[in-house]
Amino acid sequence: MGDAKTVHSPLVTYFSMLSLLSLCPPFVVLLWYTMVHADGSVSQTFDYLKQHGLKGFIDIWPIPTAIAWKIIACYAAFEAALQLLLPGKRVEGPVSPAGNRPVYKANGMAAYVVTLVSYLGIWWFGIFNPSLVYDHLGEIFSALIFGSFVFCIFLYIKGHVAPSSTDSGSSGNIIIDFYWGMELYPRIGKHFDIKVFTNCRFGMMSWAVLAVTYCIKQYEVNGRVADSMLVNTTLMLVYVTKFFWWESGYWNTMDIAHDRAGFYICWGCLVWVPSVYTSPGMYLVNHPVNLGTQLALYILVAGILCIYINYDCDRQRQEFRRTNGKCLVWGKAPSKIVASYTTTSGEAKNSLLLTSGWWGLSRHFHYAPEILAAFFWTVPALFNHFLPYFYVIFLTILLFDRAKRDDDRCRSKYGKYWKLYCEKVPYRIIPGIY
């Protein structure tokens with residue numbers, strides 16, 4: 001059984017699933033509507049809904065159109081083709097609870113470059129205008145909401161009928177299976193990894209593609225791109241570039257190595273990432289703020305620094321693991337705890353826990369610069385409206401929850417060694433505070 005089953009009781013799962021199903025799709029539509037049609041003002045949308053009630057809400061919900069489906073289909077097919085066809089280094093993921101070691105082809109950076117160059121190319125040569133994506137954004141999100149739900153049903157059926165590995169199985173509860181997923185590493189054929197596609201190539205890639213789309217749309221409307229939009233787009237692209245540069249490291253994280261491919265993670269990556277994560281840029285399209293060169297540069301440098309620190313945290317830990325602790329951390333030998341644990345099959349193993357460098361500051365220090373980076377790419381929108389900051393708030397809640405889940409998992413895995421580790425590194429995320 002995956003650890004998702006032990007961490008979350010059926011009651012919590014029902015509650016999270018019902019709230020995700022009932023609140024997230026309307027939220028995505030309302031977010032888009034408010035950013036694009038209500039000037040980014042929550043109160044304006046609220047007044048509209050107060051006046052027109054449920055009928056008003058149904059009126060603003062866009063019907064998925066043929067053009068929306070076409071855009072999604074072309075994009076998905078293009079990304080799937082790149083994932084399969086581009087060359088890449090063979091990378092092994094971590095050994096799973098059932099003892100499987102997934103093998104990946106690390107071609108994310110190549111796919112990322114090809115995607116952005118192609119997208120700018122078809123715009124430059126007049127083949128396709130990215131403004132169309134912005135103009136049909138509501139319909140695209142609406143199509144994604146329904147399409148991804150159907151996709152998750154497919155994952156559920158596949159988990160029952162044709163699981164890809166022994167890291168799968170039913171909890172005996174249809175709702176838990178659908179929500180948390182049946183399979184840890186679902187694949188189509190031998191080489192097409194579904195989670196790499198949903199999380200990385202569809203979700204994260206769409207973040208970059210939409211960031212560029214918003215920039216182009218503002219340029220088409222105003223004949224220029226405001227410095228606020230440039231800062232926002234640049235920081236988002238730097239962040240997504242870092243992600244693809246480090247993609248094989250992401251394959252070792254909780255999302256891939258512990259969370260199964262179910263509604264929770266796949267619907268999130270297919271719908272929530274393109275809509276919510278890109279929302280500060282969506283807002284800026286119609287609200288070109290002029291920051292002035294000096295302020296724009298300050299924000300840009302601060303944002304890039306945060307993204308770099310976030311990257312360096314991950315790099316430090318990876319280097320430490322790769323060399324089995326025989327490396328330098330901040331110029332000196334790392335301090336560490338050797339933790340032994342027993343696998344589900346009863347095998348005794350050792351793990352090294354790093355307690356110096358960034359990882360000596362707090363147990364999940366890398367989340368702090370990640371939240372700050374999100375703040376810096378949102379702050380060009382200034383403070384006229386609260387909604388652009390929704391992503392920053394959402395990310396903070398998500399990462400604080402993830403830190404807690406990760407701590408719980410490590411506590412049950414390492415026992416007394418984890419206690420020792422927590423004594424040495426007492427803070428969870430923010431050094432000296434939390």
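The backbone N, Cα and C atoms fix where each Cβ goes, and this holds for glycine too.
The shown structure was predicted, so the numbers you read here are calculated from the model rather than taken from an experiment.
Sequence-distant contacts of the transmembrane segment (12-33) (same chain, at least 6 residues past either end, Cβ-Cβ under 8 Å): 45, 57, 60-62, 137-138, 141-142, 145, 175-176, 178-180, 263-264, 267, 271-272, 275-276, 279, 282, 387, 390. For 12-33 (among others), the entry in TrEMBL reads transmembrane segment.
Summarising the annotation, TrEMBL assigns transmembrane segment to 67-88 (among others).
Annotation source TrEMBL lists transmembrane segment at 109-128 (among others).
According to TrEMBL, the transmembrane segment annotation covers 140-157 (among others). For the transmembrane segment (140-157), same-chain residues at least 6 beyond its ends with a Cβ under 8 Å from one of its own Cβ atoms are 25, 28-29, 32, 61-65, 68-69, 71-72, 133, 177-178, 181-183, 186, 194, 261-263, 266-267, 270-271, 274-275.
With a threshold of 8 Å between CB atoms, the same-chain residues lying at least 6 positions outside the transmembrane segment (261-279) that come near it are 16-17, 20, 24-25, 28, 31-32, 35, 141, 144-145, 147-149, 151-152, 155-156, 177-186, 194-195, 198-199, 202-204, 206-207, 210-211, 214, 236, 255, 387-388, 390-391, 394. Among the features that TrEMBL reports, transmembrane segment is placed at 261-279 (among others).
What TrEMBL records for 291-311 (among others) is transmembrane segment. Residues 227-228, 230-231, 234-235, 238-239, 242, 245-246, 358, 366, 369-370, 372-373, 376-377, 379-380 of the same chain lie 6+ residues outside the transmembrane segment (291-311) yet bring a C-beta within less than 8 angstroms of a C-beta in it.
Below 8 angstroms of C-beta separation, residues 31, 34-35, 39-42, 227-229, 231-232, 235-236, 239, 276-277, 279-280, 283-284, 287, 289, 291, 296, 299, 302-303, 306-307, 310, 364, 429 of the same chain, each at least six residues beyond the ends of the transmembrane segment (371-400), sit close to that stretch. The transmembrane segment annotation in TrEMBL covers 371-400 (among others).
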